[in-house]
Amino acid sequence: MDAKTFDKSKLPSRHVTVGPERAPHRSYYYAMGLTEEEINQPFVGVATCWNEAAPCNIALMRQAQSVKKGVKAAAGTPREFCTITVTDGIAMGHQGMKSSLASRDVIADSVELTMRGHCYDALVGLAGCDKSLPGMMMSMVRLNVPSVFMYGGSILPGHFKGKDVTVVDVFEAVGQHSAGNMEDEELHALECVACPSAGACGGQFTANTMACVSEAMGLALPGSAGAPAPYESRDEYAEASGRAVMHLLANNIRPRDIVTRKALENAAVIVAATGGSTNGGLHLPAIAHEAGIDFDLMEVAEIFKKTPYITDLKPGGNYVAKDLHEAGGVSMVLKVLLDGGYLHGDCLTVTGQSLADNLKDVKFNPDQKVVYPLSNPLSPTGGVVGLQGSLAPDGAIVKVAGMEKDHLRFSGPARCFDSEEECFEAVDKRQYKEGEVLVIRYEGPKGGPGMREMLSTTAALYGQGMGDKVALITDGRFSGGTRGFCIGHVGPEAAVGGPIALIEDGDIITIDAENGTIDLEVDEAVLEKRRANWKPRETMYASGALWKYAQLVGTARKGAVTHPGGKAEKHVYADI
C-alpha cells in the first residue's frame, strides 16, 4: 500500500476525521493550522518523555521535531505529545525514589490514554531515562498500533583526573567522602564535571540496557541506540524513525508481530552479554505481559546463565556508551551473538526485515577494546544472574559483571533494616561490620511502595572500600549503576510475609551466584514460629498515586505489573 493512499475507513483516526458528524472535530484541526490534506492523512502520535528534571530527557523535544519531519515526508500527519517521567538520578536516595517504578506504568497508561482519546493510527515513542524506555515500549505492545521506539541517547563522559567518569562515580565519591578519603573541594570538583552534556547515564545502567533491548527486540531502528544525545546523527535516526513508522502502517506490521517470545529471548541475551542492569529482569517480563506472553524473572535468568558476557562497559567494566558506539555499536554486539548462535535471527523488526537481514553487512572490528569475541569472553556466563532458594522462593537477581570468580559466594550473619534510610544511615556512620549481609526489606513493589533502587547505599559501601566485604539483599531494586554483591528483587517481598520478613539479626544467609542459590540457614520450625507472630506493616501512603500503585502492583517475578495484560484483553486499541 502506498503511504499516500491509506484507506481511512480502517484506521482509528476515522473516528475523529471522517464524515459530517466529525465536522466539530475537524474544526479543531483547522484551528491548529492543519490542511484538509493533512486531516485526511494517517495521524501519528509522536510521544516524548521530555522534561527539565535532568539531562536524560532534555534532548527529546529536538529529536521529536526530526521524527515529525520523517512522518510528514512519508505522507503522515504527526501529533506530538509529552508524558511524564521520573528521573532516577534525581529521585535516588530519598522518598522520591518510590515514584520511579510506578512512573513506568503511568507512562504506559498515559500514552495509551492519549492515543485512545485522540484516535492516533501509529506511534513513535522517544524516551531517555530508566523507566521511560520500558514504559514507552509497554504502551506500544499494549496498543498494538504500528510503532517505532527511539532512544534519546546517552550523555558524554565527564573527565576527572585524567579518567572518564559518570554520575555513578559521584555517588561512589559520597562514600569516599563519608569515609574521610575525599575532601569537600575534591567532591565538588568532581560533581561539576561528571555530567557534561544532555543524555542518559553513560554506563551500561538501566537506560542504556533498555536501549540495547529496543534494538535486540526489533522495536528500534538498527544503530539508533548508539549515538550520544548531543550528536546531530541522532536527528537522522529520528527522521528515519518517522519514515519507518509510516512504512509499518502501510504494511500493517504491528508491535506484537515483532515482540514475540523469540524476540524477548533475544532481548534477555543482550542484557546478559553487555553486563546490563538487573532492572532488565523486571522490565522484560512487563513488556511480555502486554503481549500476553509468560516470561518471568526466572525464565529471563535462565537465558542470562547461558549467555557469555562480552562487553566491557561500566559499572563492572571500563567503557561507556559513547565508546561502544565508536567501537561498532549495538549492531556489532548483536552480530557477534548471532554468529555464535545465541540469537534468533528470523525475528521481524521495524525495518520490515529480520534481525539477521539487518545485521548481514555488519563486521567485527578487531581494532577496538569494548566488545570481546566469543572465543575470549569476559565471562562464559552472563553479567546478570538469577538466584532462588529458601530466602527467595520466587527468585532474586544479582549483577556479577566485573566480579571476580572467587567473590561469587558469600555467607554471613544478617543485619536487618526495615527501610533504605535506616541502612544508609548505618553505612554512612560505618555502623556495620565486614562479613555481614545487610538486609533492606519492606522496599518491594507493595511494601515500599514502589520498589526503590538502593544506589545511594551501595555506592557508599563501594566508596568506603567495602563493596566486596559485605553483601546486601533487598526486596527492592538496585540501580544499573550498582556494583558489588547486591541481590535485589527478592520474592516474595516482606510486605506479603515472604521469608525476607522473617530474618532476624545474626541469622546466617548464604548466597552462591555461581550455582544460583540464596538460602536462609534457619530451621523451618523456627521460621514457622516467626511466621505465626509476623504482622503486615502499614505504609505511610494511605491515598494518592502510591497508594493506588500498592493496591494494583503484582510480584517482581512477573514484572511488577499493574493490570491483567494481553491474555485478559477482549479488544486491542489498534482494531477499534
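Cβ atoms are placed via backbone N, Cα and C, with glycine included.
What Swiss-Prot records for the [2Fe-2S] cluster site is C56, C129, and among C201, C212, C347 the residue it adds there is C201. Binding site for Mg(2+) per Swiss-Prot: D88, D130, K131, plus E453 from the candidate set E443, E453, E493.
Straight-line distance linking the Cα atoms of D130 (Mg(2+) binding site) and C56 ([2Fe-2S] cluster binding site), rounded to a whole number, equals 9 Å.
Under DSSP, C56 ([2Fe-2S] cluster binding site) is assigned to a helix (H, G or I) in the three-state scheme. If you take the Cα of E453 (Mg(2+) binding site) and the Cα of S479 (active site, proton acceptor), they are about 5 angstrom apart, rounded to a whole number. Residues V86, T87, A91, M97, S100, L101, C129, T206, N279, S479 surround the recorded Mg(2+) site, their Cβ atoms falling within 8 Å of the Cβ centroid of D88, D130, K131, E453, which are themselves excluded.
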